[in-house]
Amino acid sequence: MARQHPIQDYRNFGIMAHIDAGKTTTTERILYYTGKNHKIGETHEGAATMDWMAQEQERGITITSAATTAFWNGKRLNIIDTPGHVDFTIEVERSLRVLDGAVCVLDSNQGVEPQTETVWRQGDKYHVPRIVFCNKMDKTGADFFKCLSDIVDRLGAKPVAIQLPIGAENNFKGMIDLVRMKALVWNNESAGAMYDVEEIPADLADKAKEYREKLVEAAVELDDDAMAAYLDGKEPEEATLKTLIRKAVISGAFYPVLCGTAFKNKGVQPLLDAVVDYLPSPLDVPAIKGVDANGNEVLRHADDKEPMSLLAFKIMDDPFVGTITFCRIYSGILQSGTGVINSTREKRERIGRMLLMHANNREDIKEAYAGDIVALAGLKEARTGDTLCDPENPVILEKMEFPDPVIEIAIEPKSKADQEKLGVALAKLAAEDPSFRVTTDHESGQTILKGMGELHLDIKVDILRRTYKVDANIGAPQVAFREKITKPAEVDYTHKKQTGGTGQFARVKFQVEPAEPGAGFQFESKIVGGAVPKEYIPGVEKGLNSVLTSGVVAGFPVVDVKVTLIDGAFHDVDSSALAFEIASRAAFRDALQKGKSVLLEPIMKVEVVTPEDYTGSVIGDLNSRRGQIQGQDMRGNANVINAMVPLMNMFGYVNNLRSMSQGRATFTMQFDHYAEAPANVSAEVQKKFA
């Protein structure tokens, strides 16, 4: 079957926004007007087509990006719905990674909100061309012009209005199209399906003229011929102006701004027209870079004739189909039944069912082409960020980078049956979401869940309970302390048990000293003349190792210590490996006491990105958490603060930072080193654990 839609008619785009800006409602309306949805799903009734997980329908926020295919004016739209909550930014990152363009939705009442800044920065990182839709123009306090100034002040970007609102709040009737210089006015009877194209109202004529001039001036800057014609007094024709706006969007020179109210069905069709007219096709964006089998950089162009390559950007567990892997095909043609290689993991796979997804419905297809976004059922090895490609032409496409988790909790299943279900469920959840990690604490034997924030882990626990029917207790977050000696110590210890029958005898003399940070445990025997026979040395080491797991301060593992066996004695009959193990254990514990053992705590490297206004509060708060500020610098129009902070003082920080900065600051943290805990902290921990 040949390709039905030329690749230049594809628009792979996402809708990005702050939580509650009306992103899912906008997507719903797009699906409605492109004829994919017969009944509009309202988010606040918990029934939106894109928000199909039970957790999303209850909370009314979008958690999983669902991919949907629709058509408008003969163009094929692949829409990815992205979440707007800070704990789900990983979802936004991986969506932006495979998109060619995006619509940024703003709440006209709120303007640019905190999460808008975060997703905008991610869009900048991946150079995603964007248009802006000022939604909720019918809301009290809606202000289109404040949105324009916010984009300049808070995003450091250049907005250019291509529409102006007619009326606002309850009187919002439609918009002036500055490209065509016509008024688009909706009649309320047709659920927004019909609107009239009229002359611009007289009271708005001057404003329309002023903003039309701004638009034309910004557009002609991109083309010398158009600029020369404009300076000669020639206005660009509509087709020329659209070409120039498209050029601006693709190059990032400026961002066209539209307005409307998705909920009241006004302005969605012109938004779709703008997606088709101004957002790039796969041919308009740079070819994706990759690395071939020899480590050389290669390019894969959006072309059916090139070797097949695709990137897995999302894994989902579907109750009917099993594991579904969402992929963007960057080059070549993919057919069901073909063998592919997962070049990231060097594993071979066979393509079984291939599906086009529409929110929660699916359509089986046999063939997909460069530029398509498809769902593959039944892949065993693929993980998010993996490359699948033609075995004859292996390539690894640009990898996605995922942040390390910043919060962890312990989970304990309530019964044996839950224990078995938990293992399977956690493996699936970790495969679906690279920012969610599962580890086992070797010291406590507990299963530890790590994630991007408290809401992130709440939702994972909720999925465990609902989808996988696992009942479990959730613990409070914990810190992994360590212990270390601070000065050298020498001990001479004799273990003697000789009361008739086979006795026990062993004498050991150790020199114990602190080792370099990160050196771990080092053991050396300097025995000469057979004072301790060779066959007993393993017993000595076993005794020492048994103490390492539980030190003398508060029972935490001992690190960075060197033990030298310098002398000893044995008995021909009563000595054994066990006797030397017991002697070594007691001697080592004595040495740890004599060597003034201290408690070590993990220190985290913390980076906070905050608007200038909150810098003082953020630094003050980090200082109150025993943080040491390492430096500050500017990134765009945000301030970046680097600090070293003890992990035990970082619990709950994500929520504190959010409220301190009205959600506008973000942070990342990773383990850096262990450092001696202050006496008061050590005393508190000893009281709790020892």
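Glycine too: its Cβ is placed from the backbone N, Cα and C atoms.
As annotated by Swiss-Prot, GTP binding site applies to 17-24, 81-85, 135-138. In the three-state DSSP scheme, A17 (GTP binding site) is classed as strand.
Per Swiss-Prot, the feature domain 'tr-type G' maps to 8-283.
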Count of other CB atoms lying within 10 Å of the CB belonging to A17 (GTP binding site): 27
Reported mean pLDDT - the domain 'tr-type G' (8-283): 82
